[in-house]
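Novice: The structure under discussion is supplied below as structure tokens; questions concerning it will follow.
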Amino acid sequence: MAAPPRDVDARTVDLQRPATQIILKTHTEPSNDLAMERRKATFDVQELSYVLNGGKEQLEKKMKLAEMLSNTSWGDKSRRYFLTREEEYVGALKAALGIWEKMKSESLSLSDGALMRTLVDFPGGLELHIGMFIPSILSQGSAEQQAKWMPLCMGLKIIGTYAQTELGHGTFVRGLETTATYDKQTQEFVVHSPTLTATKWWPGGLGKTSTHAIVMARLMLPDGAGGVRDHGPHGFVVQIRAMDSHLPLPGVTIGDIGPKFGFGGVDNGFMSFDHLRIPRDAMLMRFSQVTPEGVYVPPPPSNSKASYATMVFVRADIVKNSGSVLARAVTIATRYAAVRRQTAPGPGQRELQVLDYQNCAATLLPLLASAYALTFMGEDMMTMYKKFEADRDAGRFEGLPELHALSSGLKALCTWAAADGIEECRRTCGGHGYSRLSGLPTLFASYVQNVTWEGDNNVLCLQTARFLIKALAGVQAGKRVDGSAAYLNDAAAELAPGRRCAAAGEACWLRPEVAAAALRHAAARSCATAAETLAAASGGRLVFEGAPWNSNTVDSIRAAKAHCSLVLHATFLDSVARLEAGAGAININTSTAAAVPTSAAAGGGGAGAAGPRLGGAAAGVLRQLAALYALDTLERGGGLAVLLEDGYMSAVQAGALRRAHRGLLAALRPNAVALVDAFAFPDYLLHSALGRQDGDVYRGLLDMARGSPLNDTEEGPAWAEVLRPVLAARSRM
């Protein structure tokens with residue numbers, strides 16, 4: 001609460017006045033600093049904002065929706081940082097249902113619903129209903145199953161989750177222990193948890209919200225000899241709660257798993273089964289079926305991995321989301337670093353802006369470059385997935401191995417970049433970054449799960465590495481490879497002893513083809529090294545399991561990282577070129593519009609092919625960012641070590657690369673605030689005292705702090721029962 005005004009006597013005011021004048025001579029209002037930063041921009045910020053936000057109409061819609069949401073009871077964020085776990089859970093559900101009802105009552109589009117979810121930013125019990133339950137039915141359910149379940153999903157007649165992870169198994173899906181055993185006599189499956197470690201663990205919304213779940217269980221069918229045959233994990237739509245009482249069904253034990261690092265509004269749960277019977281048609285049967293007689297009908301060989309579609313979709317969606325999340329953190333930290341002042345160069349002089357210290361710029365500007373790189377990669381990743389969907393519907397699955405490998409590696413690299421980047425941004429904000437009011441601790445706590453969720457990142461890198469090593473072996477056997485690994489077709493020439501870097505000085509490193517060549521060589525060498533190490537450990541042949549594989553994973557992970565870094569840089573440059581050519585805008589705001597009520601949809605939304613064109617000035621600045629991304633990746637990501645060890649680069653060239661990197665920091669510094677402004681995140685989304693658009697950060701901290709429940713009274717909640725007896729006793733001493 002604000003202090004009441006005081007009547008101060010004239011003598012005291014006069015006494016203080018000279019001291020105040022000394023302070024005011026060097027004092028700077030942070031809002032003035034941010035306004036000054038914006039005047040330094042060398043490109044049209046609004047133009048880039050339109051490009052990044054799906055065009056002018058979409059950007060204006062985002063701002064309008066943010067204003068509308070802030071004025072609803074369920075979208076109000078003023079108490080968000082002060083909620084208990086129970087209040088978070090209930091509040092998040094109210095927000096999700098509020099959006100759902102708003103869509104239906106106002107006939108809003110799918111993209112509007114997804115945008116509102118992004119802006120409210122209150123993950124809750126419907127996350128997996130929207131993010132995995134519905135996409136799984138759409139991608140793996142038969143036409144009859146979709147006709148049965150989708151109206152119930154979209155009308156919220158049921159609420160679903162996706163139960164795959166178990167206490168004892170996560171990334172290794174084939175090791176799941178939950179079973180679904182077919183009973184031919186009753187035409188039912190018996191779902192059972194035969195061990196403690198078979199208990200489902202982590203599904204969002206499972207604890208107290210969901211009525212149904214897609215349960216991944218090992219399909220067991222009679223083998224004709226009194227036993228069963230294991231056909232591996234398959235998905236089953238299972239009702240887990242009674243629709244009238246919301247109590248768990250007999251044979252189902254469910255609960256919330258308790259407090260987590262973050263994500264308090266989501267009721268992640270546990271679940272075990274005790275011989276639960278479900279009908280035969282509960283199995284998702286778009287690609288594989290079980291007949292009434294208990295005969296397994298596998299998917300055609302061409303699409304035997306069709307069930308991977310949902311997993312690939314989710315990973316592609318995670319890649320897309322990583323750019324937006326990192327961009328939010330960088331926006332907060334960059335704005336704050338531009339207004340925070342520290343250490344005056346001399347007596348009577350103003351303190352320097354923190355962003356003017358090279359070490360701060362060397363932290364934030366590469367993260368800004370990564371945010372743009374991840375944003376462009378996310379758009380490209382979803383485009384690739386949509387192409388796969390079209391191919392799948394036409395019965396073509398030849399592109400799945402590439403998409404699976406790329407989505408796996410990029411999910412790992414992009415989530416590492418985003419999670420680590422948020423924490424770096426928080427540290428750059430100093431002590432105030434430790435306050436939840438900065439927005440950064442909550443952003444980090446909510447996001448960091450992504451490095452292990454939907455596949456441990458190191459394991460996913462190994463899946464990418466396996467694809468790359470096999471591709472290289474295929475090239476060596478005379479088989480060409482397409483797609484992101486096409487550079488391996490020229491691996492022999494690339495890695496020939498005489499191959500050398502073409503950079504002749506600092507300026508050369510600013511040429512995109514020089515940086516791209518270095519990234520390409522590092523990727524090729526890393527892949528070849530991983531293959532050679534694996535072959536040496538397995539007697540001269542490539543073995544992708546057992547001791548040889550398990551004891552040589554470090555080089556394989558490095559190869560996957562190098563490959564994905566190369567793809568990120570190439571996609572960055574290609575995206576800028578396409579946008580400059582007028583290929584249409586992108587949309588940083590939503591991860592996906594999937595699984596919001598189609599019955600409420602009225603039109604589409606999002607970027608179209610006739611979006612705004614990226615001007616030359618903005619394109620030039622983005623190419624500087626792409627160059628910084630490449631050089632920073634080479635310097636800090638281990639690429640220099642690979643290139644120097646391989647003899648591709650000399651120490652002199654490495655020194656020139658570092659000087660070019662430092663030069664880019666100086667060149668990009670005037671545009672730092674403009675580049676984060678271009679993301680056009682409203683204050684409502686950022687919910688950060690430090691990231692305010694007006695720069696008035698210290699007033700923001702005070703205003704938000706006054707909302708703490710501890711400030712409801714002046715004396716505080718411990719006064720009457722705890723402090724007063726102690727202090728009263730001491731006062732009598």
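A Cβ is built for glycine as well, from the same backbone N, Cα and C atoms used for every other residue.
Just so you know, TrEMBL annotations are computer predictions that nobody has curated.
The annotation domain 'Acyl-coenzyme A oxidase N-terminal' is assigned in TrEMBL to 44-159. Taken from TrEMBL, the feature domain 'Acyl-CoA oxidase/dehydrogenase middle' applies to 162-274. Marked as FAD binding site by TrEMBL: T165, G204. According to TrEMBL, the domain 'Acyl-CoA oxidase C-alpha1' annotation covers 308-469. What TrEMBL records for E454 is active site, proton acceptor. Annotated domain 'Acyl-CoA oxidase C-terminal' per TrEMBL: 512-577, 619-727, in sequence order.
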Novice: Cβ atoms within 10 Å, counted per site: which of T165, G204, E454 has the most, among these recorded positions?
Specialist: G204
Novice: Going by DSSP, how much of the domain 'Acyl-CoA oxidase/dehydrogenase middle' (162-274) is helix, how much is strand and how much is coil, in residues?
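Specialist: Reading the DSSP string over the domain 'Acyl-CoA oxidase/dehydrogenase middle' (162-274) gives 6 helix, 50 strand, 57 coil.
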Novice: Quick one: DSSP breakdown of the domain 'Acyl-coenzyme A oxidase N-terminal' (44-159) into helix, strand and coil?
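Specialist: Breakdown, helix to coil: 85 helix, 1 strand, 30 coil.
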Novice: How does the domain 'Acyl-CoA oxidase C-terminal' (619-727) divide up by DSSP, counting helix, then strand, then coil residues?
Specialist: 78 helix, 0 strand, 31 coil
Novice: Tell me the Cα distance separating T165 (FAD binding site) from E454 (active site, proton acceptor), rounded to the nearest angstrom.
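Specialist: The separation of the Cα atoms works out to 9 Å.
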Novice: Averaged over the domain 'Acyl-CoA oxidase C-terminal' (512-577), what pLDDT does the prediction give?
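Specialist: Taking every residue in the domain 'Acyl-CoA oxidase C-terminal' (512-577) and averaging pLDDT yields 95.
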Novice: With DSSP, how much of the domain 'Acyl-CoA oxidase C-terminal' (512-577) is helix, how much strand and how much coil, in residues?
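Specialist: Counts, helix then strand then coil: 56 helix, 0 strand, 10 coil.
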